[in-house]
Amino acid sequence: MSKNIVIHDYDISRSKRNKVNGHESFVLWFTGLSGSGKSTIANKVEEELFYKGISTYALDGDNIRSGINKGLGFSKEDRLENLRRISEVGKLFVDAGIVTIAAFVSPLISDREQVKKILGKEDLIEIFIDTSLEECEKRDVKGLYKKARAGEIKNFTGIDAPYEAPKDPEIHIQTETTEVDQAVQLIINYLEETHRI
Ligand SMILES: Nc1ncnc2c1ncn2[C@@H]1O[C@H](COP(=O)(O)OS(=O)(=O)O)[C@@H](OP(=O)(O)O)[C@H]1O
Ligand SMILES: Nc1ncnc2c1ncn2[C@@H]1O[C@H](COP(=O)(O)OP(=O)(O)O)[C@@H](O)[C@H]1O
């Protein structure tokens with residue numbers, strides 16, 4: 001803690017907010033290669049939760065890398081800082097009583113260890129969107145793999161930057177054998193079975 005910074009406790013606590021909202025707050029953290037299906041599945045999971053009356057918010061590349069993290073690139077250091085700030089923002093949302101959905105490549109085990117350290121194991125549900133590089137490249141939703149192969153983008157995850165698969169995620173989805181709707185149902189089932197919702 002910096003010198004001369006004194007934390008002020010507010011009376012409206014997270015547990016009061018959770019009680020009023022009628023549900024817990026936590027982060028669903030999606031990790032996987034670009035094009036693996038993180039945003040597609042995260043978006044539908046949010047929709048499903050939202051229409052169940054749950055307060056949700058999705059943090060995704062668009063609202064983060066063009067806003068709070070404008071100026072950060074894709075070096076190992078910048079990714080770590082990107083994910084550190086996202087985790088801190090996620091922590092605020094959880095404190096605000098919101099089920100927070102985060103969809104980021106988050107490629108390294110050490111990146112995700114930092115996320116876990118900031119959010120705390122209890123408030124984090126890690127979801128590995130497991131799609132082979134071959135399939136992501138075939139999808140090439142944004143045409144970025146083509147550019148990376150042509151050398152027009154450097155440090156592209158899966159091409160010339162590493163992706164380290166999670167060893168023990170709470171939820172593991174293989175999109176080449178699981179349809180989007182099935183993936184969403186697996187996540188909702190997990191949340192119900194673990195009494196998160
Ligand atoms: N070099 C490189 N490597 C990986 N991805 C790249 C890169 N350059 C741009 N993009 C686009 O940025 C999205 C990934 O941003 P993230 O913030 O999720 O990345 S990270 O977690 O900090 O590694 C990723 O979005 P998604 O496709 O939604 O995953 C890409 O579209
Ligand atoms: N089973 C599946 N799960 C998720 N996405 C799938 C699946 N099958 C095909 N797709 C397609 O793959 C693409 C994934 O893109 P996107 O969700 O933007 O990935 P990411 O956010 O990981 O970069 C979408 O065009 C989606 O329709």
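Using N, Cα and C of the backbone, Cβ positions are placed for all residues, glycine too.
As recorded in TrEMBL, the features of this protein are as follows:
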type	residues	note
ACT_SITE	SER106	active site, phosphoserine intermediate
BINDING	GLY32, LEU33, SER34, GLY35, SER36, GLY37, LYS38, SER39	ATP binding site
DOMAIN	25-174	domain 'APS kinase'
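Not one of the binding-site residues GLY32, SER36, GLY37 has a CB under 6 Å from ligand 1. For SER36 (ATP binding site), the same-chain residues that are 6 or more apart in sequence and have a Cβ closer than 8 Å to its Cβ are ILE129, ASP130, THR131, CYS136, THR175.
GLY32 (ATP binding site) sits 7 Å from SER106 (active site, phosphoserine intermediate), counting Cα to Cα. In this structure, SER34, SER36, GLY37, LYS38, SER39 are the recorded positions from SER34, SER36, GLY37, LYS38, SER39, SER106 whose C-beta falls under 6 Å of some atom of ligand 2. Of the chain residues outside the ATP site list GLY32, LEU33, SER34, GLY35, SER36, GLY37, LYS38, SER39, ALA103, VAL105, ILE129, THR131, CYS136 have their Cβ within 8 Å of the site's Cβ mean position.
Around the Cβ of LEU33 (ATP binding site), the number of neighbouring Cβ atoms within 10 Å comes to 25.
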